[in-house]
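Annotation source Swiss-Prot lists domain 'EngA-type G 1' at 8-169. The GTP 1 binding site annotation in Swiss-Prot covers 14-21, 61-65, 123-126 and is backed by sequence analysis. Annotation source Swiss-Prot lists domain 'EngA-type G 2' at 176-351. Taken from Swiss-Prot, the feature GTP 2 binding site applies to 182-189, 229-233, 294-297. Swiss-Prot lists 352-435 with the feature domain 'KH-like'.
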Amino acid sequence: MKPLTKNNLVAIVGKPNVGKSTLFNRLVGKRVSIVYDQPGVTRDRIYENINWSGKNFRIIDTGGIVVSDQPFVEQIRIQAQIAIEESEIILFVIDGSEEITSDDLYIASILRNSKKKVLVLANKLDNNKNEDYSIYSLGFEDYYKISSVHGEGIGEVLDKVINLMNFENDQDEDLFKIAILGKPNAGKSSLLNALTKQERSIVSEIAGTTRDSIKSTIEIEDQKFFIIDTAGINRKSKLVESVDHYALMRAMGSLDESDLSIIIIDATEELSHFNARIIGYASDKKKPTIIVINKWDLIKKETNTMIEYEKKLREKMPFISWMPIVFISALKSQRLNKLEKVIIQVKNNLSREIKQNLLNDLLVDMQTMNPLTFKGKKLEIKHIKKTNDPVPTFLLFVNNPNIVHFSYLRYIENQIRDYFDFTGCPINLVLKKNK
């Protein structure tokens, strides 16, 4: 068995209709996966966080694996294979009330070849159903009888999971988390090595040489940060036809987990669909974001090259106006000090406190310069207040929330940004009816 990789990921795998999604929903304490008595309902991997006995880890739900050459079944198999590759513990769910099938044996073979730690969960053994003892011939060490519907046996499984994991460096989990994201071979690992000043990732011309998500800590201006270098996919594997799609899904998972995302674009290439999607996802999710243009040393430069590049990028994606753009060469460690300063700037902006009298002045100026009237009704913003949420959030107490158009909210956001530095931070505006 391979040593555990300290990525705190647990995958739920199995054939269709054995109760994987029911188990997943019970573990996370809410309905996330669709539960339906039909094979193939869960098509994509779904990630959620779990806390058990004070320990945090992530769990992945996957679609059912069967022996078939149907296209959608193959996509599910690929999804599950990726989940197996990136996880350190596998929960192999089978229907304990039925005989072992060829699909169960096929999955067992995949799991044995993965060399990962596997816990076999014989589900649906409630209501005094008879157990099929052939499950013990699957070739694994740990077997548990559970009922995902009623929760029986789940606690024992979770106890085993946290006992298998390495939580020695759990204090790092409380640090400010930065995810390094980007298309394979954009320079994610080179940037990680430059920031940590040590070789943590293999740097190669071959895309996808980072096989596991690598987590490191760095210090900038005496502040400690937790860095996640998103895993790639081996280009030589059978998953090659779907590399970009699944790399994107992994990037989205890392972005969800992070406090700040650094999205790397290769300066020598055109803006890819991959980068456009992940930047758009960061914007939609309102995630603090820095865009890094890497390999800038390879670009033939003129006086305004950097300015022109940034201008064109912002024209292509107008929604990134609040995201800073930093030009670097990770391999040659050029302009990394600039990137480090921007990281500190964004972190400070996220926790920026604003005195109420300054917000009151802003409120007066906004309504004086650009009052809003809609169908004869005048908008009156009575009060503005900043909350303590992780992302800068402002409550606007108004006389009539229904007449506020999104364009006026954009005007308010722009005014806030003109008054205060929120570089790299999304801004939430919440309308409240003034009482």
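Here the Cβ of each residue, glycine as well, is placed from N, Cα and C on the backbone.
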- [ ] Please report the DSSP secondary structure of L125 (GTP 1 binding site), reduced to three states.
- [x] coil
Open item on the list: Taking DSSP as the reference, which of helix, strand or coil describes G14 (GTP 1 binding site)?
Closed with: coil
Task: DSSP-derived structure type at T62 (GTP 1 binding site), helix or strand or else coil - done: coil
- [ ] Based on Cα distances to N17 (GTP 1 binding site), point out the closest of the binding-site residues G182, N185, K188, W296.
- [x] G182
Open item on the list: On a C-alpha basis, identify the one among G14, K20, T62, L125 that is nearest to W296 (GTP 2 binding site); the candidates are the binding-site residues.
Closed with: T62
TODO: Could you give me the DSSP helix, strand and coil counts for the domain 'KH-like' (352-435)?
DONE: 31 helix, 22 strand, 31 coil
Task: Whole-number Å value for how far L125 (GTP 1 binding site) lies from N185 (GTP 2 binding site) (Cα to Cα) - done: 47
Task: Cβ neighbour count within 10 Å of G14 (GTP 1 binding site) - done: 26
TODO: Could you tell me which three-state DSSP class G182 (GTP 2 binding site) falls into?
DONE: strand
Task: Pairwise CA distance, G182 (GTP 2 binding site) versus G14 (GTP 1 binding site), rounded so that it is a whole Å - done: 31
- [ ] Measure from the Cα of K188 (GTP 2 binding site) to the Cα of every one of the binding-site residues G14, T62, L125, then give the nearest.
- [x] T62
TODO: Indicate the candidate from N17, T62, N185 with the smallest number of other Cβ atoms within 10 Å of its Cβ, considering only these binding-site residues.
DONE: N17
Task: Mean predicted confidence [pLDDT] for the domain 'KH-like' (352-435) - done: 91
